[in-house]
């Protein structure tokens with residue numbers, strides 16, 4: 001899934017030559033902000049967004065880390081961002097890619113797709129977190145960037161709203177899991193549904209609670225009602241990012 005905007009592709013002469021430069025921001029830079037949503041959930045894709053703002057235009061008010069905004073505010077800002085951004089792209093990595101690559105590398109893949117899908121070529125990509133995907137342009141990891149860099153804040157909002165809407169669609173075909181309530185995260189409601197119904201094709205079988213629920217039901221030994229599946233903190237904290245994501 002990739003959504004993008006802008007009528008034609010633009011680039012800046014010499015951008016590739018600046019790739020290895022030490023000056024990470026010059027007045028001529030076209031800065032792109034990148035963030036993701038959905039590293040921690042037990043189900044659904046991981047979604048990334050890339051946003052470029054026109055520096056000559058007034059900045060959208062109210063941009064912030066999507067996690068501190070209400071759903072209503074995120075929806076309002078989503079419409080403003082897609083209307084006023086110089087360019088944006090929303091991309092994802094599938095559940096199958098998450099299970100085959102691990103969540104870290106699938107997230108990097110979604111981010112790479114978002115940047116490469118932009119209709120305007122950036123000269124500097126600022127990414128929330130402490131890792132950057134392999135890109136053909138300069139990139140910089142910004143810890144806490146979704147609250148510090150406006151284009152990253154915008155990307156976090158696009159990614160979050162898009163993914164939440166995708167999980168609402170999944171709820172229509174798989175209502176027993178309550179995706180409309182938790183967006184795939186490992187809440188008690190979701191874990192209970194996994195115990196009772198087992199995982200569906202949209203669950204991440206590389207994640208321990210899903211894998212264990214599938215194993216219990218496939219062997220005819222469902223979890224007792226009082227038994228608790230231990231869920232790694234990476235599933236609940238979208239800022240907890242590291243290789244351990246593959247072993248959840």
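Every residue gets a Cβ built from N, Cα and C, even glycine.
For reference, Swiss-Prot has these:
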- 35, 36, 128: divalent metal cation binding site (BINDING)
- 29-219: domain 'RNase H type-2' (DOMAIN)
Could you tell me the mean pLDDT the prediction assigns to the domain 'RNase H type-2' (29-219)?
96
Other than 35, 36, 128, which residues of the chain come within 8 Å of the divalent metal cation site, judged by Cβ distance to the Cβ centroid of those residues?
34, 37, 48, 49, 111, 127, 129, 145, 146, 152, 155, 156, 159
Residue 128 (divalent metal cation binding site) has how many other Cβ neighbours within 10 Å of its own Cβ?
29
Number of Cβ atoms other than its own within 10 Å, given for residue 36 (divalent metal cation binding site):
29
